[in-house]
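According to TrEMBL, the features are:
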DOMAIN    B:110-442  domain 'Glycosyl hydrolase family 67 catalytic'
ACT_SITE  B:Glu264  active site, proton donor
ACT_SITE  B:Asp343  active site, proton acceptor
ACT_SITE  B:Glu371  active site, proton acceptor
DOMAIN    B:443-675  domain 'Glycosyl hydrolase family 67 C-terminal'
2 protein chains.
Amino acid sequence: MTTPDHPSVHPAWLPDAATAFLHGRTVLVAGDGPLAETVRGEARRAGATLVDGDADLVLRDTGAVPGGEGFVVAHRDGRLDVAADDDAALLHAWFHVVRSGTTDAAGHPDARHEPAHALRMLDHWDNVDVHPVMGQVERGYSGGSIFYADGHVREDLSRVEQYARLLAATGVNRVAINNVNVHAREARLLTDGLPDVARVAAAFRPWGIRVHLSVSFASPIVLGGLPTSDPLDPGVRAWWADAVARVYAAIPDFGGFVVKADSEGQPGPFAYGRDHADGANLLARALAPHGGTVHWRAFVYNHTQDWRDRSTDRARAAYDHFAPLDGRFDENVVVQVKHGPMDFQTREPVSPVLAAMPRTRLAVELQVTQEYTGQQRHACYLGPWWSEILRFRPWGPVEGDDGSPTVSDVVGGAGPGASPQVAAARGGGIAAVSNVGDDAFWTGHPLAQANLYAFGRLAWDPTLDPTAVLDEWVALTFASPSSASADRTVDPDVRAGVHAVLDDSWRTYEAYTAPLGVGFMVNPGHHYGPSVDGYEYSPWGTYHFADRDGIGVDRTRATGTGYIGQYPAPWRDVYESLDTCPDELLLFFHHVPYGHVLHDGTTVVQHVYDTHFAGVERVEEYVRTWQGLRGAVDDAVFERVTERLAEQLRSAREWRDQVCTYFLRASGVADAHGRTIY
Amino acid sequence: MTTPDHPSVHPAWLPDAATAFLHGRTVLVAGDGPLAETVRGEARRAGATLVDGDADLVLRDTGAVPGGEGFVVAHRDGRLDVAADDDAALLHAWFHVVRSGTTDAAGHPDARHEPAHALRMLDHWDNVDVHPVMGQVERGYSGGSIFYADGHVREDLSRVEQYARLLAATGVNRVAINNVNVHAREARLLTDGLPDVARVAAAFRPWGIRVHLSVSFASPIVLGGLPTSDPLDPGVRAWWADAVARVYAAIPDFGGFVVKADSEGQPGPFAYGRDHADGANLLARALAPHGGTVHWRAFVYNHTQDWRDRSTDRARAAYDHFAPLDGRFDENVVVQVKHGPMDFQTREPVSPVLAAMPRTRLAVELQVTQEYTGQQRHACYLGPWWSEILRFRPWGPVEGDDGSPTVSDVVGGAGPGASPQVAAARGGGIAAVSNVGDDAFWTGHPLAQANLYAFGRLAWDPTLDPTAVLDEWVALTFASPSSASADRTVDPDVRAGVHAVLDDSWRTYEAYTAPLGVGFMVNPGHHYGPSVDGYEYSPWGTYHFADRDGIGVDRTRATGTGYIGQYPAPWRDVYESLDTCPDELLLFFHHVPYGHVLHDGTTVVQHVYDTHFAGVERVEEYVRTWQGLRGAVDDAVFERVTERLAEQLRSAREWRDQVCTYFLRASGVADAHGRTIY
């Protein structure tokens, strides 16, 4: 179970067994584009026979919709005949067939497939140099960077090529290759480093993936020696225009920039009395002549807040900064909004910014790397969480589906009131922080590969059932080696076992860590493991206000910070009322006594006890389930997962005991079930 | 106010003005030893005239008590005539005169002066390499190491020579030059690094100071390639014998080893089923033929404790490990005991180990570097704290002085039941962790120089009044430049101002940080700033057990961990009873409700509020006082202290607000004075 170029590297969801059903099949790939050649290479790799005439599988680049990326699956004489919009679509169609595991007509109903989002991007928080605290990959839990080693872009990019192939199989089409916190060395990728960036772009190109760079807003000063990076300064504009022209001279299909400005210490337009629209448009106008895009992050807040100051609410910050700027961003600006108002917590409400900027191309930003969800030491399949977010309806209804717009619609440019420009550009799409490093399993925890896979698939089609997506991943990753030239199979015990561990693992993680929407009960800095008061007296704006009587943040309009007022109806009312506020977000929106009774009849404090004990029990069950798979999965995978599950169980017990003890000490309320709390 | 060799380096307590009163005086230095030459050099440096006959000041090495270090001050014809035991004593006598600031007979009553302790040692926790987390000096707050730079012992050791001179003026006679946590690079000082260590020793030698090394117990493995470091293994013994012989060949007056074994991850004899006596004696027997000493630290405890485990009490650990070994240590072993049972907290009881090992040479270990006392960003004069410790009477009386033995007596070999060997060796003396680095002011905070000075003076004579010692330091450090050839003077405003800031600064620090003996309410890792629960759920054994009802650790014999039973009477009874336990240690020994009434009539929680507000007010007063000294002290000193006081005030307010808020939230008890708590 290794890839040929790197014998020690796990093949993820493209082991040879995944394509063995294509062995000996005849395949016709009709098309002249460069990606058609990639598809032919894939067919050869699968052991298929490329033919010019009749074939088991026909893939045709019709050229009908350049940039469309969609394809129509049909049948002719009982055989699959796929008509692709363009050569990128040809590649998507190929992997569509691979995912299906069959060339049988019954497995392929006639249908058109196309991506819901034009921009499906992974952001790497990789540094060229190793950071003394963060390591090489900020919030990376999978070893070093696949792009950089020893202070340079790697000479050998074969692993990047394998990564590109894996991403192509999920539908990702953009990759930003360096950290949004742009340190001095990394800033130079934009200038001195261009030949190396061009090599990376060349590794991604055959897989239909365009490369982006994170840039420092202070580049004109840091790299150009200018006295300012004021976005309205003509010299600054000229510097960016020149810099971008040089980028495109080296990389004609360069994607654009990702920018974290005026955020957590990064430079930005505020220093010059300018706003984020001024800043973003500066870069956008340099990129526009070349077809590039600027992803401008909305993650802006006061990270030196005084914890004593209850009038400031970090949750409000992105909306307060960005909503007033709606309509002022250029067409090639995407404002990239974290899915929640805080920072990738296990549970947050959806950011109200996503409902507040119809005249702006918005992207929703997810986090595949498990910063707050177990850091790839815990099995935590995030598909259900992302699915909830993407299907969320900012304008209601609260339950059910009346066809009203979802978050996915909004970031697809189809939200209510979307300007013609936003609609024409199909919004800003979906971005996420990658969880990949140079670890042999790509993601540290082998089961965390499922998150990377699911991200690509949900970015392509957010209406997919996340459990079905997981099942795809299982079928590919754990494909039985014996399935050559027949429909692909997977050991049913493995399928059931992996589902048993992963299906509900995000809710399990939530249960033993931070239920009811309370966040940031983690150790400061590295964010692993429990510390109930870890961020309670910090400058980061992340508080729970627990005392002897109760807990939670009052963000109501009536008596709190007013954050709830940033939501349109019905949510501004649903969240405002204790009667209707969903339990899982209760403490995010309200400060309540420990004795407050939840909708299921338990009190808040008893819920804390119950979920923490139940969460640990579920992890114990995961351990048992996985042990049953010994011999049924690759030994190396088995051992790595076994080791991670042991740590997950240890950590889950630590969470349970610290959190329960803290709240027992605070509340004085004994557990109704008499379990041991310390 | 700089030293000649390093123009930017502050002269500390030996500015030229400090010795200006000797300018033009005639001095006779009679003696042949190498240190006599040092004294003559000092006399010349002070502008005195060295003569062979009649002189204003006569210093004679009588050679009467080799190694005695004492001297007799007498008068002949109205002039000072000092008879010194040996040439080290000659140097002590010289600095005695310098400290006095006068050659007038009235300033020098006839008396014999001699050190209370034969071993007066400073331990440097310096690493050759810069540690990624700790920096170069572990728990160092004064820049890098004065010994090492760029991965090597410095070529230019002139700063070490200046440091040696400063220490000689306080009476220190031993220095360990590397961290007790011995990393791989530093371990090699014992072998490859010997020529460099010899250079360092040569820099200290003219000042009567012998150099020691911290060594790794695993040296036979790490450096010698042996398969074991088992203390009973003949090969290991031979390896140490050879290694030590090489050390003494290079450094004939080498002092010996400092060892942290089986402590916080350092290797030790436990791995071989041996005990600390086996370990210490291994090294002692290698050192004995050469006259060397092993300082074996008693700081041994379980640092991977489960916080849920209430049966383990870290405070008990040193006694439980070491007391049973009394009588088993060789004569040249000093067991070095931290002054308190925990770890250099702002307030702890005196370690019961100091009363439990009469047949062992014991040293008490203090911490000059302000790890837990403000890290040299806070003005915190520790003289009063050390004075309390050294004067503490482990066998009573609780108050007053009936001549019963003190801690100082014990570590001087004069405790009750001291074995003849211990008495003959005069115990193990006093050691402390240095606060010095390559900072221009030596100690980061200029006022922290007072701690270094006071350590030396109190190690020489623990009966000195710490405020008087501070006054000596002020008189030297802030000596008026105009005092040439007259008795030395100091600006009375400066004298009063520095006293106002420092005299009570330790109690002030205690007030706004952690009153009533509760410890470790600090941020984990770096230990700066408040975090009430920072160590509450940690493996370090450092808990306060605060809940909604009360706080403190029950260490009683009756209902607690039994730690109090490690004390002899009367303390085992005084501490056991809530009626007699001193308030300042209440929470160290007892878990009490917040409403528990202290001896002054306030409740525990009100005391927390009151002391924290009062502590901040005192710091505000320090700031005002210091501002009044602008122009009266050197500008660079003024500015540095001003900047540090601003940080102290900010930090003190943060302590006040976090601690008060935490306990208000926990207790629900409002402040009786209605002050703002968040």
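Cβ atoms are placed via backbone N, Cα and C, with glycine included.
Projection of TrEMBL feature records onto the structure.
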{"residue": "B:Glu264", "record": "active site, proton donor", "CB count, 10 Å": "14"}
{"residue": "B:Asp343", "record": "active site, proton acceptor", "CB count, 10 Å": "20"}
{"residue": "B:Glu371", "record": "active site, proton acceptor", "CB count, 10 Å": "23"}
In Å, rounded, how far does the Cα of B:Asp343 (active site, proton acceptor) sit from the Cα of B:Glu264 (active site, proton donor)?
12
Could you measure between B:Glu371 (active site, proton acceptor) and B:Glu264 (active site, proton donor) for me? Cα positions, answer in whole angstrom.
17
